[in-house]
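Novice: I have a structure here, written as structure tokens, and I will follow up with some questions on it.
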Amino acid sequence: MVASKRSVVSCFFLVLLLAEANAQGLKVGFYSKTCPQVEGIVKKVVFAAMKKAPTLGAPLLRMFFHDCFVRGCDGSILLDSSNNQAEKNAVPNLSLRGFGIIDDSKAALEKVCPGIVSCSDILALIARDAVVAFEGPTWEVETGRRDGRVSNINEVNLPSPFDNITKLITDFSTKGLNEKDLVVLSGGHTIGMGHCPLMSNRLYNFTGRGDSDPSLDSEYASNLRKKCKPADTTTALEMDPGSFKTFDVSYFKLVAKRRGLFQSDAALLDNSKTRGYVLQQARGSTFFHDFGVSMVKMGRNGVLTGRAGEIRKTCRVRN
């Protein structure tokens, strides 16, 4: 048993070391000589699309997160499957939108720099630009990723809006992300929408006895019940009421008041480190800087560099 545990620990650290070695192939300005226009081209596509459909910002940010948490940041979330068995077909990914923005960015880049820029790098750039379009922070995106060739629905095991703090910390730690990264990246919930089915248990049957979640502010819970009836499967809810179209710190102010929409939001108050950060940001913010740092850190997870993977010609299919 001891030997078995040691081998598991050894394998875990080996995975981290390999991930770190691959991440060393990333750098800001990777395409400075081969495709210097890359960031301007992607930004133009993103801003034009979001001008027409502003609600695409949150799904685009979430798409990068979902990509990095399965097989690493390799663009596997973008691949189509003839039998609906790719990552994008998994239940947590069915609400993702904005794949056409990746397609349009890739098409524009292929006209200028054919076969140079990976789809995984395009997704990383789009996530940043989507946040900027919501008046959020900017950061320097490391590039140099290559695209994966595998996308498997059975490998999708993402952090859930129903998770408690222990599960969240464990899931993030397996990706080399700590408690601060967890709470910082949760701040991405400042934009976007949730839906009633993700709240139903918190409002109507939290412990199976027809009760509500005691960690939820009672006035907020009452307002949510007016919007979400028990059988409601369609109504959308602002994740950051009154500010869901602006990337700001109001999310942390709401969580501090026990008005986080999901159980995973409320769970941030159940750990001293994550709770401390929530309360700190509710008073005065380093959030914009921290978000960029954690996004870069997450973007190094499980990347393919050098000769690994490929540079797809079309983001939805392997070469």
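Just so you know, the numbers here start at 1 and follow the chain as drawn.
Glycine is no exception: its Cβ is also placed from the backbone N, Cα and C atoms.
All annotation found in TrEMBL is predicted automatically rather than curated by experts.
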Novice: From the candidates C113, C119, C196, C228, select the one that TrEMBL records as forming a disulfide bond with C35.
Specialist: C113
Novice: Going by C-alpha distance, which of the recorded positions C119, H189, D240 is nearest to P159 (substrate binding site)?
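Specialist: Checking each of C119, H189, D240 against P159 (substrate binding site), the shortest Cα distance is to H189.
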Novice: Pop the Cα-Cα gap between T190 (Ca(2+) 2 binding site) and E87 (Ca(2+) 1 binding site) into the table, whole Å please.
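Specialist: It is 25 Å, counting Cα to Cα.
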Novice: Go through the recorded positions C35, R62, H189, T190, D248, C315 and tell me which ones have a CA within 10 A of the CA of G72 (Ca(2+) 1 binding site).
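Specialist: So far as Cα distances go, none of the recorded positions lies within 10 Å of G72 (Ca(2+) 1 binding site).
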Novice: Restricting to the same chain and to sequence separations of six or more, state which residues have a Cβ under 8 Å from that of H66 (active site, proton acceptor).
Specialist: I77, E87, P92, N93, L96, V156, L158
Novice: Expressed to the nearest Å, what is the distance separating V70 (Ca(2+) 1 binding site) and C119 (disulfide bond) at their Cα atoms?
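Specialist: If we compare the Cα positions of V70 (Ca(2+) 1 binding site) and C119 (disulfide bond), the gap is 16 Å.
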Novice: What count of other C-beta atoms do you get within 10 angstroms of the C-beta of C196 (disulfide bond), across all chains shown?
Specialist: 19
Novice: Starting from the Cα of C119 (disulfide bond), work out which of the recorded positions (D67, D74, S76, H189, C196, D240) are within 10 Å.
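Specialist: Candidates kept after distance check: D74, S76.
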